[in-house]
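What follows is a set of notes on a single structure, which appears directly below.
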Amino acid sequence: TRYGRPMYGLCLTIILFYMFISLTAEITAMAKLVTLIAPIPLWVTAAIVLGATLIYTSYGGLKASIFTDKIQMLVILPLIGALIAFGWQAMGGITPTINALQTEAPHLLSLTEISGIKSGLTFFVAILLTGLFHQGNWQRVYAAKDVPAMRRGFLLGGLLVAPFILIMGLFGLAFVAMTPEGDASVALFSVIGSVIPTWFVIALIPLGLSLVMSSADTAISAVSSIIAVDLHRLNPAIPKATLAKLSKRLVVVLALPVFAVSSQGYSVLYLFLFADLLCSAAAFPVFYGLYSRRVDGTTATISTIGGLVAGLALFPAPNAPLTYLLESFVLAAVVPVVITFILNAVRRNVAPYDLQSLKHKIRGLDHSSSTVT
């Protein structure tokens with residue numbers, strides 16, 4: 001509606017690719033966790049987790065996702081607490097871990113190490129801009145009771161998740177100190193594996209399932225909503241019930257490549273970074289146009305493509321050193337800004353867009369005549 005079909009198609013491709021990578025990473029992580037506990041093939045775990053998530057998400061949609069999130073939190077919080085306690089026991093405290101790091105990777109302890117600073121900035125930029133394209137976030141924006149409730153929810157979620165991210169990062173340092181040659185994708189569980197009792201080994205399965213399914217159902221519900229919206233664009237006469245059925249069936253079809261990739265146990269970090277780069281290039285053109293009347297579809301598309309070309313020029317190849325990773329993200333994010341302002345200065349004859357018209361052009365699928373404000 002805002003930018004026309006070329007930009008819409010480009011953004012849709014980026015969003016679907018990112019959601020595919022996100023879902024694949026979640027299922028892969030769970031499959032690898034189970035292999036630490038028992039010799040179960042990756043494809044078996046992937047099929048069970050993906051199938052179960054598809055079943056209840058297809059039945060209940062976003063409401064089921066939100067409802068199960070509440071139940072999953074009752075499982076996650078106490079087990080995370082136990083996990084932290086076992087992690088402390090496995091490390092033997094801070095001093096042994098620091099001593100081991102000074103031997104194995106002393107650069108990780110330096111606050112002035114340039115590679116560490118670049119890595120931190122890279123992931124900050126990547127996660128910040130990528131979150132703007134996570135359809136699951138926008139679903140929750142529109143599902144919120146009102147704007148204050150939405151703000152409280154996101155603020156509380158951010159405050160609660162921050163300490164957990166810090167703690168998980170410390171587990172990463174412990175992993176490097178204790179098992180520097182291990183599998184980084186299951187670093188947390190590699191650290192505690194030698195000290196946890198049998199009952200907690202069993203409890204790791206529901207913990208992993210809760211963590212994975214709480215994210216996977218959001219991704220599946222998000223993709224389903226995208227499909228429903230696009231089917232409605234192609235044929236506005238399709239009834240709401242038919243749209244829901246078709247989107248659920250297509251999600252199952254799209255889940256097949258997720259199952260195929262997650263069954264291989266690949267490291268998805270590179271693909272995650274690649275998807276993050278795509279989102280970084282599109283972030284400014286997409287969201288600046290919601291505030292500026294002078295940005296049209298041509299400017300947004302050219303700016304995004306320019307950011308992609310600039311970022312990909314420095315983006316490392318698979319298995320190559322991540323020497324210029326930060327530079328690639330900075331270029332992907334900044335070049336669209338420069339191109340946008342240049343085109344705005346050159347293309348002065350572009351008619352300003354009426355942003356207020358979006359209130360009448362954006363409608364709910366179940367209320368074709370109502371507006372979304």
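Cβ coordinates come from backbone N, Cα and C, glycine included.
Features reported for this protein in TrEMBL:
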type	residues	note
TRANSMEM	7-28	transmembrane segment
TRANSMEM	40-62	transmembrane segment
TRANSMEM	74-94	transmembrane segment
TRANSMEM	114-133	transmembrane segment
TRANSMEM	154-178	transmembrane segment
TRANSMEM	184-205	transmembrane segment
TRANSMEM	250-266	transmembrane segment
TRANSMEM	272-291	transmembrane segment
TRANSMEM	298-318	transmembrane segment
TRANSMEM	324-346	transmembrane segment
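At the 8 Å Cβ threshold, with sequence separation of at least 6, the transmembrane segment (114-133) comes into contact with the transmembrane segment (7-28) through 3 or more pairs. Of the two recorded stretches, the transmembrane segment (7-28) lies close to the transmembrane segment (272-291), with three or more CB pairs under 8 Å once pairs fewer than 6 apart in sequence are set aside. Pairs of Cβ atoms less than 8 Å apart link the transmembrane segment (272-291) most often to 324-346, out of 154-178, 184-205, 324-346.
Away from its own ends, the transmembrane segment (250-266) comes close to residues 20, 23-24, 27-28, 31-32, 41-43, 46-47, 50, 54, 58, 220, 223-224, 227 of its chain (Cβ-Cβ under 8 Å, at least six residues beyond either end). Spatially, the transmembrane segment (74-94) is adjacent to the transmembrane segment (184-205); three or more Cβ-Cβ distances between them are under 8 Å for residues at least 6 apart in sequence.
Long-range contacts of the transmembrane segment (154-178) within the same chain, counting only residues at least 6 positions beyond its ends with a Cβ under 8 Å from a Cβ of the stretch, are 80, 84, 87, 90-91, 97-98, 100-101, 104-105, 108, 184, 187-188, 190-191.
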